[in-house]
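**Student:** So TrEMBL lists the following for this protein:
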type    : residues                                                                                 : note
DOMAIN  : A:145-556                                                                                : domain 'Aminoacyl-transfer RNA synthetases class-II family profile'
BINDING : A:Glu175, A:Arg221, A:His451, A:Arg492                                                   : L-aspartate binding site
REGION  : A:199-202                                                                                : region 'Aspartate'
BINDING : A:Arg221, A:Asp222, A:Glu223, A:Gln230, A:Glu485, A:Gly537, A:Val538, A:Asp539, A:Arg540 : ATP binding site
Protein chains: 2
Amino acid sequence: MYRTHNLGQLRIENAGEEVVLSGWVANVRDMNHFLFLVLRDREGITQVIIDKENSPEGLFEKVKALNNEDVVRVTGTVRERSSKNKDMPTGDIEVAADTVDILSRSLQLPFAINDNITNLSEDMRLKYRYLDLRRTKMLNNLKKRNTMLKAIRDYLTDKGFLDIDTPVLAKATPEGARDFIVPSRINKGDFYALPQSPQLFKQILMVAGVDKYYQLAKCFRDEDLRADRQPEFTQLDIEMSFVTQEDILCEMEKMAKKVFEKVTGKKADYDFPRMDYYEAMDRYGSDKPDTRFGLELIDITEEVRNSGFKAFAGAAESGGSIKAIVVPGNLEKFSRKYIGDLENYVKTYYKAKGLAHIRIDENNETVSPIAKFFSEAELSAITGKLELKAGSIALIIADTKDVTNNALGALRLKVGNELDFINEEQDNFLWVIDFPMFEWSEEEERYKSTHHPFTAIKEEDKEFLNKNLEKIRTLSYDMVLNGYEIGGGSIRIHDSELQDVIFEKLGLSKEEAEEKFGFFLNALRYGVPPHGGIAFGVDRWLMAMLKEDSIKEVIPFPKTNKGQDLMMEAPAAVDKKQLEEELLLKSLYVEEAKEDK
Amino acid sequence: MYRTHNLGQLRIENAGEEVVLSGWVANVRDMNHFLFLVLRDREGITQVIIDKENSPEGLFEKVKALNNEDVVRVTGTVRERSSKNKDMPTGDIEVAADTVDILSRSLQLPFAINDNITNLSEDMRLKYRYLDLRRTKMLNNLKKRNTMLKAIRDYLTDKGFLDIDTPVLAKATPEGARDFIVPSRINKGDFYALPQSPQLFKQILMVAGVDKYYQLAKCFRDEDLRADRQPEFTQLDIEMSFVTQEDILCEMEKMAKKVFEKVTGKKADYDFPRMDYYEAMDRYGSDKPDTRFGLELIDITEEVRNSGFKAFAGAAESGGSIKAIVVPGNLEKFSRKYIGDLENYVKTYYKAKGLAHIRIDENNETVSPIAKFFSEAELSAITGKLELKAGSIALIIADTKDVTNNALGALRLKVGNELDFINEEQDNFLWVIDFPMFEWSEEEERYKSTHHPFTAIKEEDKEFLNKNLEKIRTLSYDMVLNGYEIGGGSIRIHDSELQDVIFEKLGLSKEEAEEKFGFFLNALRYGVPPHGGIAFGVDRWLMAMLKEDSIKEVIPFPKTNKGQDLMMEAPAAVDKKQLEEELLLKSLYVEEAKEDK
């Protein structure tokens, strides 16, 4: 037997009991007449004591020679400690050892197991993930993830949702991001694709009459990676029949509150605010606003439209907008260098042409490189609209509407973070709704669907189908938490005629639509319930709840930003024999090579 | 609003209520003065009635024109039926319709939605899976699958197991079946592999200190397919630390009982019998015996060893075995043709050289083509050992030990099934334990691991490491239900020195082992708890519980035996542009093509 108790379990009530404990050696301290052997497992730590005088022969030397992270089994007797440790659940007791068996040895570790990792590179952590996960924080993140998945499943099962798994070896997604593909050995020359989401399958399940479906599904996108994106990720996929948008928002809000409570121990006792897409873009320059702080975008286009400042007037004239955020009470931070850094940031990442500023100093004087371009009345109109007060600075961008919103929205977040405007104790959920159906793609010179082509549109916007596609809003919704889009979904089109019209507007001929979505369009012809759903990014949602900066902190075995698993060293070269069997080397490709000549 | 109640919900207590119902038109019956409109959804069916005289204008005609499988919304009043249907949960009531809205239309179906599918090909069912799943039986199978997954998760979470997901984009499995591979676009020329099981990951999680892990994971094997095998399947993967084999068997047996009870509504109120591998092979010719019926294999090698019948004596002489099954009370079934069919079966599928038989007729006469080869004493010894009685037939195979066991084991199942020896109401769980560690591979001319190379061996068999590898038994176990292996696992090696010895015995040099399992062997050097685990084939287990003949009946979207998804038409050709981006067409393969010339 390896243990009678785990290492977080023993209490003063156990004093006098004979116990067996097993775990990792956290450390051994030599106090001359006795040794403290601290053992660690998933549940906690327990102190074992070996008395030099009174313990069996050889035991003292054996324990003294242990390495940290050796795995041992201890038998002994629980006794009350003379000096208790109130910070430790097992701090009232210690175990006087009778025997210590070494179950397995550890080499010297590449890094120590503790939560101070300031000197530890991400690459080392990923390469030795099995040691990284021994740290309390990481083990807790795994536990929180388990808690989250359990809370989701319990909630949805209670509500009659069926957990149904859909294929991973699937078909390429038309109109989506890039797919990972898998060559088929049996069907030579053909490929499976890994699913970007079970979108079509979940709608198919509604056609099948499943009514309420959910799945925690692995999904895959072969995109360039960044901190909150991985090539494979876990999606909570949900679909419901015979529901309105309101039904879905209410159900999902209840679920989100329950999950939040279970994972964080806090409550979200409020109705999630709802903000339409256009308002979110106007006020926050983002469709996933972090509403935990102000610094909202203020539009001064009208105030500068007729001014003599070409950069502003010109932007207004060509249909762009001029907007600002006002940062109060931090003037000293806004050195010339810091403002320069901010300008570089919006130029580099958001293609803004520049960043202007107006400062009101402690003496209520307006100080700005651009002040000279405005009349006193104009300047007063601007500072009035911005409600600029002493000790504030306005950061201003004049550009196309999209660039102004995106750049200033990003700047707002950057400044909010760097100047500590965000209360990290706070958690703001909200819904962003009413996304547009179509957006113009300059690259492809056609309209594309903002969400996906199966999204239902608002009844009152159907009139725009033949007039102004950009005015059409959808029955769609994103759930946002602290500036992260944690989930998004829509009501779907259940009318195959309307679906045909949408494809036409997307520039797909009947034949193209048939080729791309054939089986699905066919399914829509056999009796489709009104339905809609949502999909949550589980990793991102958990990251937001735990206030982590990277999804790698909440994924058990994440990949690097280059898509590599540093521990197992994947991807890797593959045996030539296998490539031949998959026909990757032979006929198919050799033929291609011939064609190329 | 689409509904106030689902279609399995209304009872006599609801009489008088105004309700809204939505669902599929199961059928419309015209009774002249009124119409019965039967609506169906996931929860059941409800009868709606439209009175020709008393209903709003146009309603009668509108409903009469409905097609089966149109989707409609009905508003109306619940009332008591005059002629109640006791077989239907909603059979006490009907709903008198005020309005009927058509939500979506259905074309004529390719097949009717009912459980009689004798004329329906599997291909049609898979192509129109969304219609196939509308059938009550299939919807129930989906519900049972959900129940099973929920029961598993509830049990394991209660016991402190953490649900942890491991990568799907992983690395090739050395020593396993064939992998599906995924080209990496970012790491050109390299490939991910889809996991055959999370074996290494779950052991890594034990090294990380997770202690108790489970996952319902999609796993992938690029093997040739058959009725109980799919290219992707769902595995319940479990691993525990600081446990003995006994701990695992007890815990898993409790879990299996709970799951069985939840899914079937029946109980498995007995300790699962344990049978060692050799006994299973001896008695049943199978390592997954169906113990619901007899027809056990009886060894007559000694009885025929010195006989004049060359086929038997020769097999005995060269180390083979001669065994029989005795089938009582079915003599009339054993026509010359049937025996010929059975002989063909064992020759074709199990490489047996032939099938002999001895029949004892109603008059207690021994009738057998081979009787003449034996003396009376020999014949009497044989029939005595076989306890042959009047009206019985013995089917005998003489071959190498493996062929005799495999062929006769398969014959036992075939005859047991075809002659109804199996009580389909019965359910027999058992454990098969003590599998051998090594088996000789003729093909590779080396020992291979029967289970996998990380399997721990029995303490008392370690002495054979330098003598007789085939004698070494492992700490391993399979759970068997009604002749299906539903799960299997082992205690793992946690001692890196023993692991090195095992690799050596498998003919892997240190360098080869390092190359194939490097990261894992390294992990074993940093403090490994004793650990073990098990993996269940969820699809196969569910199939066994539901007494289905194919796993396709319990998988939402299965593939054909050629690995095709007939509904979405996968696998399929891939865009040439994408193949180029993946570097599948260009440099890597073009280079190969050059080399080939």
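Backbone N, Cα and C atoms are what each Cβ position is placed from, and that goes for glycine too.
Each of the listed features needs to be described in terms of its position in the shown structure.
**Tutor:** When secondary structure is read from DSSP and collapsed to three states, A:Arg221 (L-aspartate binding site) falls in the coil class. Within 10 Å of the C-beta of A:Arg221 (L-aspartate binding site) we count 21 further C-beta atoms, all protein chains included.
For the region 'Aspartate' (A:199-202), the predicted model reports an average pLDDT of 94.
Here the Cβ of A:Glu485 (ATP binding site) has 19 other Cβ atoms within 10 Å, regardless of which shown protein chain they belong to.
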**Student:** Just checking, which of A:His451, A:Arg492, A:Val538, A:Arg540 (binding-site residues) has the fewest C-beta atoms within 10 Å of its C-beta?
**Tutor:** A:His451
**Student:** Please classify the secondary structure at A:Arg540 (ATP binding site) using three-state DSSP.
**Tutor:** helix
**Student:** In the region 'Aspartate' (A:199-202), how many residues does DSSP put in helix, strand and coil?
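**Tutor:** Breakdown, helix to coil: 4 helix, 0 strand, 0 coil.
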**Student:** Could you measure between A:Glu485 (ATP binding site) and A:His451 (L-aspartate binding site) for me? Cα positions, answer in whole angstrom.
**Tutor:** 14
**Student:** If you draw a 10 Å sphere around the Cβ of A:Glu223 (ATP binding site), how many other Cβ atoms fall inside it, taking every protein chain shown into account?
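**Tutor:** For A:Glu223 (ATP binding site), the 10 Å Cβ neighbour count is 15.
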**Student:** Nearest to A:Val538 (ATP binding site) by Cα, among A:Arg221, A:His451, A:Arg492 (binding-site residues)?
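**Tutor:** Of the binding-site residues A:Arg221, A:His451, A:Arg492, A:Arg221 has its Cα closest to that of A:Val538 (ATP binding site).
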**Student:** Between A:His451 (L-aspartate binding site) and A:Arg540 (ATP binding site), find the distance joining the two CA atoms and give it rounded to the nearest Å.
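**Tutor:** Computed Cα spacing between A:His451 (L-aspartate binding site) and A:Arg540 (ATP binding site) is 19 Å.
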**Student:** Helix, strand or coil: which one is A:His451 (L-aspartate binding site) in, per DSSP?
**Tutor:** coil
